[in-house]
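Asks: So TrEMBL lists these for the protein:
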- B:1-56: region 'Disordered' (REGION)
- B:1-33: compositional bias 'Basic and acidic residues' (COMPBIAS)
- B:35-53: compositional bias 'Polar residues' (COMPBIAS)
- B:64-227: domain 'Cytochrome c assembly protein' (DOMAIN)
- B:66-86: transmembrane segment (TRANSMEM)
- B:98-124: transmembrane segment (TRANSMEM)
- B:136-159: transmembrane segment (TRANSMEM)
- B:171-192: transmembrane segment (TRANSMEM)
- B:204-225: transmembrane segment (TRANSMEM)
- B:245-266: transmembrane segment (TRANSMEM)
- B:289-327: region 'Disordered' (REGION)
- B:298-327: compositional bias 'Low complexity' (COMPBIAS)
Amino acid sequence: MDHAGFIFASYIAAFGGSAALAWYVVRRGRALGRQLPDEDKPWI
Amino acid sequence: MSERQRPGREQPRQHEQHEQHEQHEQHGNEDSAHVATTQTPLTGPGSAATSPVGNGAGTGTRFTRILGALTLVAMGVLALFALVISPPDVVQGETVRILYAHVGTVWVAYLAFVVTAVSSAAYLWKRTSSLTWDRIAGASAEIGVLFMAITLLTGSLWGRITWGTFWVWDARVTTTAFLFITYIGYLAVRGLGGTHQQRARRSAVVALLAVLEIPLVHFSVRIWRSVHQDASVATGNTDVKLDDTMLFTLLLATVAFSMLYVWYVLHRQRVLHLQDLLDDKGLDLALAERRSEGRPDASAAAPTTAASTPTATVSAASTVPTKDPVS
């Protein structure tokens, strides 16, 4: 595959960036969720 | 979603509690020195920071878990098609594979910025005004900024191969960078401080102005002479000159990234909801501690003029000797 480095770098940026944000959001939600009672979480 | 959108699913106590929070945000905080975006740590005996009060549940639900699993599957299939199954382009060769990620991410960035504007308008409209709209707008803008950054990066890598340089001051590229910087500014405005309502109002105005740049970005390749290629699929006619597998991969990219976007917004706006609640509770706790510090001294010095406001309590306490005058 020509330019494989550029192509894989693009997908690492796209998938890696998405995964990093997903990890951060879930982790932050759990950390904050531990500090509040379930009554404050209308989605539960 | 918000307490106002799903009142039927809540217990009466919950509903009452959330209404109090909304009222507190709408009225009480206007006069206070509450900084909405500062995460006030809950310290002190028995506070939330020292002892978990919930069952550890985060922002996930059954729906988001199913959506997350489906998104993972869709992303896996997309990677398979984009990197392996779809054929190389006649002109661009293998480089076309970058465009599946590029188009998918820019689509989500546009979608996120439009949702930010619509949510901001819904917040500003009195009939639907709720901080939930503001949180959706903020969550959507954050995701849009991330995907716009990925778009610029993937476009830059594609440009290095195709144009021979990572960056050109082309109309499309420049306006896209300008849009990206504008929404970084929007996020900065959200972080300026003030009450939740102040944050929501000022950022909603910025969002409604910022979204006007999107048509400029989209039509820049037609308005000005540009080295960036014009639309390949959304051309306005039904005769799309694209290989079926390539077209499928392109559409799959937009669907997969859109699913990811929905998953993000659901989680992120719930995180913002929790942050706002912790801000409020941190303020309440700080005020309560301040009152409890001043009350015994104030009552000992002047029991008939017991202060009813925090300011008066503090000023009364500051004039009283620290030692008990009787002893």
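The backbone N, Cα and C atoms fix where each Cβ goes, glycine too.
Describe the structural context of these features.
Replies: Distant neighbours of the transmembrane segment (B:66-86): 96-97, 100-101, 104, 243, 245-246, 248-249, 252-253, 255-256, 259-260, 262-263, 266; these residues of the same chain sit at least 6 beyond its ends, with a Cβ under 8 Å from one of its Cβ atoms.
Outside the transmembrane segment (B:98-124), and at least 6 residues removed from its termini, the chain residues within Cβ reach (under 8 Å) are 78, 81-82, 86, 130-131, 133-134, 136-138, 140-141, 143-145, 147-148, 150-151, 154-155, 157-158, 161, 176, 179, 183, 186, 200-201, 203-205, 207-208, 210-211, 214, 218, 249-250, 253-254, 256-258, 260-261, 265.
Long-range Cβ contacts of the transmembrane segment (B:136-159) within its own chain (Cβ-Cβ under 8 Å, at least 6 residues beyond either end) map to 95, 98-99, 101-102, 105-106, 108-113, 115-117, 119-120, 123, 165-168, 173, 176-177, 179-180, 183-184, 186-187, 190, 203-204, 207, 257, 261, 264-265, 268-269, 271-272.
Within the chain, the transmembrane segment (B:171-192) has long-range Cβ neighbours (under 8 A, six or more residues past its boundaries) at 37, 106, 113, 116, 138, 141-142, 144-145, 148-149, 151-152, 155, 159, 199, 202-203, 206-207, 210, 213-214, 216-217, 220-221, 223-226, 228.
Residues 110, 113-114, 116-117, 119-121, 123-124, 134, 137, 141, 171-172, 175-176, 178-179, 182-183, 185-186, 189 of the same chain lie 6 or more positions beyond the ends of the transmembrane segment (B:204-225) yet place their CB under 8 Å from a CB of it.
Long-range Cβ contacts of the transmembrane segment (B:245-266) within its own chain (Cβ-Cβ under 8 Å, at least 6 residues beyond either end) map to 59, 61, 63-64, 67-68, 70-71, 74-75, 77-78, 81-82, 85-87, 89, 96, 99-101, 103-105, 107-108, 111-112, 115, 136, 139-140, 143, 147, 233.
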Asks: Within the domain 'Cytochrome c assembly protein' (B:64-227) only, compute the mean pLDDT.
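Replies: Averaged over the domain 'Cytochrome c assembly protein' (B:64-227), per-residue pLDDT gives 93.
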